[in-house]
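First comes the structure, then the notes that go with it.
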Amino acid sequence: MTEIHPSLWQCAVVAAALKILLFPAYKSTDFEVHRNWLAITNSLPIWDWYYEKTSEWTLDYPPFFAYFEWAMSQVAYLVHPVMLRLHNLGYDSWQAVYFQRFSVIVTELVLIYALQMFIDSAHGTSRRAAQAAAISILLSPGLLIIDHIHFQYNGCMYGILIASLVLARNKSGFLASGLVFAALLCMKHIYAYLAPAYFVFLLRTYCLSPRSIYKIQFFNCVKLGSGIVAILGLAFGPFTLKGQMPQILSRLFPFSRGLCHAYWAPNVWAMYSFMDRILIAVAPRVGLPVNQEALKSVTRGLVGDTSFAVLPEITPRICFALTLLFQAIPLTKLFLRPTWEAFIGAVTLCGYASFLFGWHVHEKAILLVIIPFSLIALRDRRHLSAFRPLAVSGHVSLFPLLFTPAEFPIKTVYTIFWLMLFLVMFDRLAPASNRQRFFLFDRFSTLYIAISIPLIVYCSLVHGVVFGNRYEFLPLMFMSSYSAVGVVGSWLGFMGVYFTS
Amino acid sequence: MAAPSSAPHKPRRNKAKKTATYDAIPKPEALVRTPSFPLAAFLWPARGSVSQWEVLPLILMAVGLFRWAAGLWGYSGFQAPPMFGDFEAQRHWMEITTQLPISQWYFNDFQWWGLDYPPLTAYHSWLLGKIGAFIDPTWFELFASRGIHDPTLKIYMRATVIVSEYLIYIPAAVIFVRRYSRLFGVAPWTAWVALVAILMQPATILIDHVHFQYNTVMLGFVLSSMSSMLAGRHMWAAVFFVAALGFKQMALYYAPAVFSFLLGSCIYPRINVGRFATIAIATVISFAVLILPIVLGTLYDASRGIDSQPDLDGPHPPLPIFPQLAEYLDTNAVYYPVVEQLVQMVHRVFPFSRGLFEDKVANFWCAINVVIKMRKYPAVLLQRISLGATLASIAPANLILLFRPRKELLPYAFAATAWGFFMFSYQVHEKSALLPLLPMTILLAGKQGLGKDIRAWVGFANLLGVWTMFPLLSRVDLKVPYVVLTLLWAYLLGLPPTSTSAYFQEDQSAWIQWSTAIIHGAFYILMIVWHGLAQFVTPPADKPDLWVVANVGIGCAGFIMCYLWCLGKLVQESGILSRSVGQNTGGKSKTQ
């Protein structure tokens, strides 16, 4: 087979150069969060990890991530032990910055390896498309913004997720896929949103007989079950024996937070809040009651607990029910036709449902949708046209994460660069579908992409010139509502594609 | 934006692509089957039917990202009182040009980074100062703003470098690359590869966007001048070159080559007096326009009674240079302030009173200084020796260009001339290596530009050039961007230390192949060893500058190789030997 250019590794080298140049860029409090976790895991006995609260950034990831931090802290100890002192809050000498930033780049090797697995798992003419998709994930503006500027370790964890998804492509990899995913869950529990798809897929393909759903493959069930128990045991076992589980759970699932995160993630609730705001103006004329208390709240829409003036309140229970409902719909189809493509589609749709309807969703969670979707976006043109609005809105919605002027050119130019490059390239690589396309859906996505340009210009330049510092919430609200339209539109489009292909 | 316009073509293009990819052999336009270095691999998918309106924006965005990201690092003089550095100098010029009357610009000193660049820089600073003051007036307050370290100011200044570059240097580079590659019938795709390589030159990015200066404005004017020469627009070539000189006097390094080419093209193939007159008049008019604001401003200020030297109590001192002028002129005449102003400007711009070389720079004089202490000789003698050596070194290239004013030869002649100046002229700065590097690097867009031979030599010159700037960069903690940008460029072009793919070109004689590889290999090894020593070994106490001096010596030797290569290629390409026209360059060309 002929080599396809450029290779994944070549892209990784050039991307790494840019990432190293970004070392002095803005970093969020997540930098200090991870430095603090390095300090906790390095200087305290394991039993104190989940009780330590010198810093406000307490350890709130599952144990495998804590082990991961512990392993990195061993290296950090050799490099620059000062950064591992527990009381050294907010420490960001250049050694600490270099070490932590560099650790993000190094751990991203997992992602590169997984993407290479993905490319190698594709055959024939789809290999070219697989390579393009893999490079698009590697160069994703989402990962650049979140990991390399804002600071997190998503590259590594999405690498594990992709490895697990790719393993599921072959029959021989089902067990490994499930176990890798279980390990991932013990690293970062946000991936639990995708677990239903794994559960249904592995149940149908691995635990039940391919011929009949009434025949159970007992040996497979035992293997999978004992594997998962072993992994969970490795992660949580020691803490369970010490009776620390309630403390860990309270750290992992802080239910006291509000419906919308500080910046509205572009989901259904953002549109709901936007509707509510419009209704405040409209309600008195049509005689709807307005909750005066909610009106007075100056920080509406900006800080944690949003309360609604006209529309009914939303409880976590409603969020949970809606999420499960919209996850269940695609999963029934996966259960009936458990192909790999359907599995990836179901993972994507689970991501969509949790992102759109979840409680206290962070805008970074959009990667849960974009990354699995990227793997199948090039299947045909109908998948692509559902993917396009998501690619635009998902990445644009990450812009508020970086608000410093020095990073403004980076985030905008890089995202436009990525969108231009990959939307053009994908457009050439995606084969025509054997089904009819949706009426006007392509036109919608083109129009949608076109609107993004004046919107970004308004939010980043015009608004500041016209209003100064007043109405700061306006650009945020526009961005998030615009992005929400894109995400919801692409979700509906993909639902349609999923059920008709 | 592009999507609606391309929608009607979609099906057609897809079909074409598919057949090209899966059924047939790629179009004959693609001469090579596999990319021979990573940069070619990156542009590989753009071969064939891709429109330049898709590729060019992507290229410009990508190189812009690297520039901006590199700019996040520190700049020259960051938190380094008392004098700070180039960044402060440029900011200070914005301050004085916006705060002082125009007649005081070149007289003003305050013991602080007096304006010593030609008028176009002054106008550029004025414009940027005006715009900047609109954002935040405290950035450019007289006296109060010295050594200011506002992070927003840094962003503004970085942005001005990028915007200036994207308005001048980048369009010039795009047009030049297109014209020069068409001259040889090079495919557009190959020209794009060359364009990226030119725009990613590590030395240019490091000096302008990291260390801080506006060299690309001057270099952009030079490129515009060269591409006007390619297009046969001799008058515009002269105008653009005056603009380059008017922005930074360093452009004089190219002046003999510009002169030889323009004069030569008035003589060959037949004498063309009209063209000569046009060029001459255009040059004079451009110079006049260049100094016009200063002249008018001086007259205006004089009429309002604003003194150009307000700090002075008594009468004006005699002219700093050409004092005999005062004997012929009436010092009380209306025009006298203008004379005084222009003489002062020339005095500032060409500081003959300084030494042969200032800092450690990898040129001939600084290198020879290790053996013979140059400073013990009288300054006048040194000036004469320096002038003689410079003229001797640039004479061969310029004579060839004068008698063979062919467009294909331009980059070689420009490079050889600039190398001559860099090696032998007076008052050379290490940043001046950018000047010979530019014409050498644009060779990538020419005939066999991405072939091994030219790639190896262009790469060698660039990597050596940026290496000689390392002491300058490491003084302000810019080692990381230096390492990243240099290795990235070496990687993209398949050069040592990342790859040896640029060596052993098949169609050359074994002797040349081996000698190139051995010479370059030796230099690369020396550079790497030097980095190891400079990083980990402290020099002996009695020779604290040992590593810097070693850098200078190695750099100088390597630059001489580059000079000889450019000259040799110039002789070879001009065909001057094959026609057995006895020029005085015969002896030198044998070395290559």
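Cβ coordinates come from backbone N, Cα and C, glycine included.
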Correct range for transmembrane segment (source TrEMBL, candidates B:355-372, B:409-426): B:409-426
Same-chain residues at least 6 beyond the ends of the transmembrane segment (B:480-499) whose Cβ lies under 8 Å from its Cβ atoms: 36-39, 42, 66, 70, 73, 196-197, 200-202, 205-206, 210, 455-456, 459-460, 462-463, 466-467, 469-470, 473-474, 520-521, 524, 528
Of B:189-207, B:251-271, B:381-403, B:456-473, B:511-534, whichever stretch has the most CB pairs under 8 A to the transmembrane segment (B:55-75): B:189-207
Surrounding residues of the transmembrane segment (B:456-473) on its own chain - C-beta under 8 Å, 6+ positions past either end: 201-203, 206-207, 210-211, 359-362, 430-431, 433-434, 436-437, 440-441, 443-444, 479, 481-482, 485-486, 489-490, 493, 495-496, 502-503, 516, 520, 523-524, 527, 530-531, 534, 547-548, 551-552, 555, 558-559, 561-562, 565
Surrounding residues of the transmembrane segment (B:511-534) on its own chain - C-beta under 8 Å, 6+ positions past either end: 453, 456-457, 460, 463-464, 467, 470, 474, 496-497, 500, 503-505, 547, 550-551, 554, 557-558, 561, 592
